[in-house]
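Shown next, in structure tokens, is the structure this report addresses.
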Amino acid sequence: MAKPNSTFVTEILFEGFSSFRWQHRLAFFVVFLTLYLLTLSGNVIIVMIIRLYHHLHTPMYFFLSMLSISETCYTVAIIPRMLSGLLNPYQPIAIQGCATQLFFYLTFGINNCFLLIVMGYDRYVAICNPLRYSVIMGKRACVQLASGSLGIGLGMAIVQVTSVFGLPFCDAFVISHFFCDVRPLLKLACTDTTVNEIINFVVSVCVLVLPMGLVFISYVLIISTILKIASAEGRKKAFATCASHLIVVIIHYGCASIIYLKPKSQSSLGQDRLISVTYTVITPLLNPIVYSLRNKEVKDALRRAVGQKPLSP
């Protein structure tokens, strides 16, 4: 039940970085805008390179391009509004706008988590079952896996958004965050949120704990197979194909787990905000950086694109 004599809010104001002086906010704006533009350009370049060069038309690079597109949509849902808030911290957002932002944030964030599982499965099949790789990871299977990841993201986002925005928000209308996220919004509700907390925890477990478990199992099998390879060169090449994915997985799931699996009693506003900035601004930039710097085929394609290496016949 909602509290009596409460005024139901129709707009929400982000506390975000409003406690910082304008000089600091301006510095943050320049830094975050630079990172945002690098993220967008890096992911767009990866997608274009994979599309342009036929030798990159493989399942591994198909999933990488899907991850880059998803990361781009994810950052577009959050960062432009955050940059606007840095310049003018007293811009309210309508409840409908907040629900829309949360929907896209969750959809593409969850999609990223499951795409990383799919990429781990792709590496597992390539290394542990190479003779059947082209059969198992055919074009149709790749499209189905990518579509399934997006479908799971959409479904879970609908559940979360419906759950949160089915609550009455009253009295307070300022959230201690720089975008619409589940936990800060639940603190605004003027009714019992136990069911919503349970839903949020179950979704977090399904999106983080189960995928991490599956990725861990796949890499145990991958590493055990690699260690059986006779030649040192073969082992090195096999490890190299997995290294980029493993780095992205550790950073992505690590930050997300700290945010969404940490007990409420251990939440600190400053720490949560710092981790959220890392997760929403810095982590999406790591995808193009890690894959372009550690992947020989992507680096070669980039050199060809800028004319530093002749095209293969």
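For all residues, glycine too, the Cβ spot is worked out from N, Cα and C.
Predicted automatically and left uncurated, TrEMBL annotations should be read as such.
These features come from TrEMBL:
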DOMAIN    42-291  domain 'G-protein coupled receptors family 1 profile'
TRANSMEM  26-49  transmembrane segment
TRANSMEM  61-82  transmembrane segment
TRANSMEM  102-121  transmembrane segment
TRANSMEM  141-159  transmembrane segment
TRANSMEM  201-227  transmembrane segment
TRANSMEM  239-261  transmembrane segment
TRANSMEM  273-293  transmembrane segment
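Packing against the transmembrane segment (141-159) from elsewhere in the chain are residues 59, 62-63, 66, 70, 102-104, 106-111, 114-115, 117-118, 121, 199, 203, 206-207: each is 6 or more residues past its ends and has a CB under 8 Å from a CB in it. Residues 60, 63-64, 66-67, 70-71, 73-74, 77-78, 145-146, 148-150, 152-154, 156-158, 160-161, 164, 179-182, 185, 207-208, 211, 214-215, 218-219, 245, 248-249, 252-253, 256 of the same chain lie 6+ residues outside the transmembrane segment (102-121) yet bring a C-beta within less than 8 angstroms of a C-beta in it. Mean model confidence of the domain 'G-protein coupled receptors family 1 profile' (42-291) amounts to 84 (pLDDT, 0 to 100 scale).
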